[in-house]
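Feature annotations, courtesy of TrEMBL:
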COMPBIAS  13-30  compositional bias 'Basic and acidic residues'
DOMAIN    96-281  domain 'Reticulon'
REGION    1-62  region 'Disordered'
TRANSMEM  128-147  transmembrane segment
TRANSMEM  201-231  transmembrane segment
Amino acid sequence: MAEQPHAEGGASPKHETLMEKLADKLHVGGKDSSSSSSDSDNDERPRPSAPPAPAAEVKPSFSDSAATAAAEAKAKVFRLFGREQPIHKALGGGKPADVFLWRNRNISAGVLGGATAIWILFELLGYHLLTFVCHGLIFSLGVLFLWSNASSYINKSPPRVPEVIIPEDLVVNIALSTRYEINRAFANLRQIALGRDIKKFLMVIAGLWLLSVLGSCCNFLTLVYIVFVVLHTVPVLYEKYEDQIDSYGEKGWVEIKKQYAVFDEKVLSKVPRGPAKDKKH
């Protein structure tokens, strides 16, 4: 009987140790679950994204910077008449500009030689235009007529005379362009006559006076031939020596502006001007 309490006393600490072990396991499991849940929560939370790396600055190469500087310097160079395009485009481009700039020497030489022959024929030899046209038509029609009738006897094909038809669109476009230019000239003359632009007035007067001097020295045909020769010589020389001519032109233009400023201050500023243009609202 005395051994029973001892047995019960010995069993209680064993029971407590089992309970303590279970409690410790439950406590450890709770910590693990809480830590795993906290870890999962931390994983689900959006993490702030790292700031983007600054883009690397692309530095232009030396050749690119040099080309840009050369282009800017060339754009700032003084050009005659405020020209911003190449001389080929300033002349209208296409085949006429190619002829004036001697892109094809054979064609340009042929055109200039033909114009010289016409000037010699009419100016030096005293041939008249109407007589020349009539004689040319007589000769051409006679040759074609004889060739057409004699082709059956000489076993040759008759001449192929092309059919010439002037398109209506071409005539309409030329008429519209001529009408536009004439109306613009009349509008400019009206503005000049009203005294609203003294600078333009002086330029027109100087141009008309120069034409009158040239007209007194030579007739109309010679004047046209001189203009034709100038168009075939001056542009190609200017294109070849463009930089040198522009430098001298800049100096001359600066001097002209100085003289004009003095003339404007002493004379033009004292001239009464016409009414100003009505402003459009």
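Note that Cβ sites are derived from N, Cα and C of the backbone, with glycine treated the same way.
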Averaging the pLDDT values of the domain 'Reticulon' (96-281) gives 85
Under 8 Å Cβ-Cβ from the transmembrane segment (201-231), and at least six residues away from its ends along the same chain, one finds 100, 112, 115-116, 119, 122-123, 189, 192, 195
